[in-house]
Amino acid sequence: MGSRPFTKNPAPMMLTIRVALVLSCICPANSIDGRPFAAAGIVVTGDKAVNIYTSSQTGSIIVKLLPNLPKDKEACAKAPLDAYNRTLTTLLTPLGDSIRRIQESVTTSGGGRQGRLIGAIIGGVALGVATAAQITAAAALIQAKQNAANILRLKESIAATNEAVHEVTDGLSQLAVAVGKMQQFVNDQFNKTAQELDCIKIAQQVGVELNLYLTELTTVFGPQITSPALNKLTIQALYNLAGGNMDYLLTKLGIGNNQLSSLIGSGLITGNPILYDSQTQLLGIQVTLPSVGNLNNMRATYLETLSVSTTRGFASALVPKVVTQVGSVIEELDTSYCIETDLDLYCTRIVTFPMSPGIYSCLSGNTSACMYSKTEGALTTPYMTIKGSVIANCKMTTCRCVNPPGIISQNYGEAVSLIDKQSCNVLSLGGITLRLSGEFDVTYQKNISIQDSQVIITGNLDISTELGNVNNSISNALNKLEESNRKLDKVNVKLTSTSALITYIVLTIISLVFGILSLILACYLMYKQKAQQKTLLWLGNNTLDQMRATTKM
């Protein structure tokens with residue numbers, strides 16, 4: 001991952017650094033515990049320390065390409081030295097010419113604005129076809145012009161020294177170290193040995209070593225044929241030029257051994273050629289080093305997801321790739337401003353994003369809050385190794401245990417299978433055989449199931465299918481609406497006016513009142529009729545009794 005350009009406004013960056021430092025001082029850093037959600041297909045792959053850097057330090061290396069031999073041995077090595085000198089001049093003259101063209105293109109006439117404008121135009125012509133990065137390198141080369149001139153002023157004394165490492169400070173605005181890889185070889189082979197060597201052996205040894213160094217020079221400057229002065233030299237190239245003497249400059253600039261290996265892997269230590277003098281065979285390189293600030297209490301945690309098995313098919317968890325935790329706060333970390341090494345992140349700024357409550361709860365160990373996206377691709381990751389063990393989706397791939405032999409089955413509803421040496425010593429996954437040495441302890445949650453409500457649609461094809469279903473539902477609703485409109489069109493609008501409705505309501509109420517009164521009257525008449533019938537019946541019975549009594553008498 002490449003680094004982003006440095007910000008033009010330092011204020012936001014300083015504010016970010018201060019906020020990060022304050023946060024790092026308040027709470028101790030906690031690494032996210034991946035054991036609760038490993039069985040849910042979310043795996044913590046590692047942590048890295050987070051650092052802030054700016055490319056603010058510079059120093060110069062003056063590479064002495066032509067060694068000084070002892071006086072009594074100069075004649076023996078004259079032939080290989082002359083051939084080496086000619087080859088050096090042929091190889092590096094385009095580099096020196098390119099440097100001079102760019103540096104001389106900024107000469108001004110009279111020091112006014114017009115002169116600077118003309119110089120800028122000539123500089124653009126001198127660059128030819130250049131990328132933005134090469135234009136930036138050209139600007140740095142122009143800024144180093146005075147320092148290169150000061151080095152050239154001391155070139156005779158630098159070329160005359162027999163020291164392999166020599167610090168140059170006279171009249172220079174920055175630290176400069178003269179190093180000679182070939183001079184180191186001469187000193188080790190001839191100046192510090194009491195063994196007498198014949199002339200032929202001296203010539204052979206010098207010739208072989210010079211040829212090897214020429215090969216290294218060709219390797220270093222081979223990619224710079226098109227724009228020899230504008231391409232950066234990597235730290236590996238600088239070590240090829242200076243040998244072990246490169247460490248002297250780095251130590252002087254404050255790079256400790258504990259940072260050196262990480263910074264070398266980051267690619268932040270680079271160099272740009274600023275001069276080449278064919279007369280003395282001196283090559284000047286300006287080295288740029290980062291100024292690093294360590295955020296001791298901030299770490300970046302990397303997450304990877306597996307394809308898990310659900311009742312709706314295979315799915316992968318929706319979580320950030322990188323998160324950072326300070327205290328109890330977990331946020332997504334944007335690494336686009338960072339350069340990664342094996343153990344560190346070097347960032348020009350710290351940019352984090354808050355996460356939704358669901359993802360926060362998921363990464364805190366609540367797997368029921370994790371959301372998943374359907375994944376049906378053939379390249380979806382079905383398994384992953386972690387600390388000598390394996391987390392695998394044995395429904396997506398065949399988990400064959402070689403020792404002891406058997407097929408590892410995954411229970412219905414189980415998201416993934418956690419396989420360690422307790423269950424299988426040698427495991428075969430899709431033709432890949434792994435010997436397991438780790439073990440999942442009791443802190444790892446197992447037999448986690450993913451509910452249907454946790455699986456959402458995010459793939460383009462799935463979304464298209466769902467949209468098609470929605471469109472069909474909308475079409476059906478529109479058809480029903482049109483049918484309803486047709487029925488409403490048949491209704492007489494005049495009968496549905498407000499006055500008509502009021503009349504209908506009043507008439508309905510009157511009808512109800514009359515109906516109720518009629519019902520009451522009918523009930524009264526029926527009651528009265530029954531009463532009359534009872535009276536007549538009583539009178540009839542009474543008369544009959546009197547007649548019976550008279551007859552008996």
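Placed from the backbone N, Cα and C atoms, the Cβ positions cover glycine too.
Bond annotation: of CYS394, CYS399, CYS424, only CYS424 is listed by Swiss-Prot as forming a disulfide with CYS401. In Swiss-Prot, the feature N-linked glycosylation site is assigned, of ASN471, ASN541, to ASN471; the remaining candidates carry no such note in the record.
The recorded positions shown are CYS347, CYS394, CYS401, ASN447, CYS523; of these, the one with its CA atom nearest the CA of CYS370 (disulfide bond) is ASN447. DSSP gives CYS523 (S-palmitoyl cysteine) a helix state. Between the CA atoms of CYS401 (disulfide bond) and ASN85 (N-linked glycosylation site) there is a gap of 65 Å, rounded to the nearest whole number.
Listed disulfide-bonded residues: CYS338, CYS370, CYS394. The one with the lowest count of other Cβ atoms within 10 Å of its Cβ is CYS394.
Note: the Cα of CYS347 (disulfide bond) and the Cα of CYS362 (disulfide bond) are spaced 27 Å from each other.
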